[in-house]
Amino acid sequence: MHLLGLLPRRAWASLLSQLLRPPWASCTGAVRCQSQVAEAVLTSQLKAHQEKPNFIIKTPKGTRDLSPQHMVVREKILDLVISCFKRHGAKGMDTPAFELKETLTEKYGEDSGLMYDLKDQGGELLSLRYDLTVPFARYLAMNKVKKMKRYHVGKVWRRESPTIVQGRYREFCQCDFDIAGQFDPMIPDAECLKIMCEILSGLQLGDFLIKVNDRRIVDGMFAVCGVPESKFRAICSSIDKLDKMAWKDVRHEMVVKKGLAPEVADRIGDYVQCHGGVSLVEQMFQDPRLSQNKQALEGLGDLKLLFEYLTLFGIADKISFDLSLARGLDYYTGVIYEAVLLQTPTQAGEEPLNVGSVAAGVERIFYIVEQRMKTKGEKVRTTETQVFVATPQKNFLERLKLIAELWNSGIKAEMLYKNNPKLLTQLHYCESTGIPLVVIIGEQELKEGVIKIRSVASREEVAIKRENLVAEIQKRLSES
């Protein structure tokens with residue numbers, strides 16, 4: 001999603017050739033447990049900053065923190081997405097969060113100005129990655145890899161005006177699925193569209209439509225409408241804004257800001273209003289102007305073949321040939337697509353959502369899911385704890401022995417960090433956090449060699465032999 005980022009071989013060839021022009025791990029993981037001392041130091045530092053005039057503790061513009069509740073929703077979304085990628089045979093990979101600036105420049109057209117440049121670090125000019133596609137192309141070129149089907153989930157950064165209410169941020173997560181290499185036409189593209197349908201259906205966001213076009217058709221349309229070739233990329237960047245701006249505003253930008261003749265803009269306007277299925281592809285074959293352009297005919301031929309494959313995959317009804325789809329980035333040279341949610345009547349108390357493309361990154365999908373959960377009043381459990389170890393009296397050491405046994409058996413368990421907590425406090429904690437089982441060990445249980453298991457939902461308690469505890473818990477968890 002980008003959900004998907006399949007590029008045709010022409011695009012990969014273009015990217016790789018650009019990346020090969022200039023001369024072109026192991027990791028260590030650390031688990032850090034923040035102590036109360038560290039917390040006290042941090043609190044004192046923040047307090048010192050707060051005493052400064054005009055100091056506000058906040059996240060940078062266009063970014064946000066993700067609470068534990070947010071992370072639960074996000075992880076569920078990413079699990080579904082990644083499982084789909086793996087089902088289709090993709091390999092996972094990662095690249096650095098920043099790249100040599102030279103690697104990224106001239107790949108994004110007008111959007112190159114939105115890159116975050118870093119200060120000179122030891123003689124290297126660096127920029128934060130703008131997307132996951134160009135770093136992938138750099139990886140292929142650097143390692144001389146000719147074929148690869150890969151997925152990549154990671155953050156990217158764009159210095160644009162954020163629209164938080166629509167799920168648009170300066171820092172956001174992308175999920176890319178790319179197929180690099182030379183293959184018979186439209187087979188990889190058809191699979192990418194199938195993947196997109198599987199993911200959007202699985203997320204249950206509502207009815208959706210995937211728009212498809214081809215940059216060869218876009219360029220052919222510009223040519224037959226009279227756009228000077230030197231203005232192709234600039235005009236393409238304007239057309240790409242049609243999902244966010246009205247045609248009259250896009251036309252104004254092309255004519256006033258980019259110097260396009262008004263009559264040329266009007267001819268483009270006639271085309272970009274066209275959208276439909278394979279019948280529109282056939283219609284464009286007969287178009288008196290477009291049918292005279294060799295590049296456009298090649299694109300139309302591939303789209304016709306693509307629709308044949310999509311019909312066999314059973315998803316042709318979810319796909320629309322849309323001449324307004326342009327994609328402004330320079331590395332697109334063939335088939336392009338994006339997914340949009342279809343507006344449906346809002347339910348009582350639900351605000352209409354307008355988030356644009358939902359296959360460009362996870363943030364917008366996350367925003368939609370988050371808003372719908374808020375409307376329905378759904379609660380999110382932020383831990384996966386299965387068992388809480390409690391004591392009614394001063395049996396802290398017994399709690400430690402017991403919880404260690406549970407952890408060693410692969411059971412998710414926790415306890416309060418107090419020597420002598422009140423039992424009622426411990427039970428209330430379990431109810432508020434949704435922990436299903438409580439193990440209670442007191443003086444009487446110790447004497448009798450038993451342990452009580454309490455169901456938090458029903459509040460029923462049973463005593464079992466100490467040596468049978470793990471087996472009983474595992475049995476209950478498997479039945480739940």
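Even glycines carry a Cβ here, placed using N, Cα and C.
The L-histidine binding site feature in TrEMBL is assigned to ASP131, LEU132, THR133, ARG158, GLN174, ASP178, ARG327, TYR331, TYR332. Taken from TrEMBL, the feature domain 'Aminoacyl-transfer RNA synthetases class-II family profile' applies to 62-392.
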C-beta crowding around GLN174 (L-histidine binding site), within 10 angstroms = 21
Listed binding-site residues (ASP131, THR133, ARG327, TYR332), ranked by Cβ neighbours within 10 Å, top entry | THR133
Among the L-histidine-binding set ASP131, LEU132, THR133, ARG158, GLN174, ASP178, ARG327, TYR331, TYR332, as the record gives it, the longest Cα-Cα distance in Å | 21
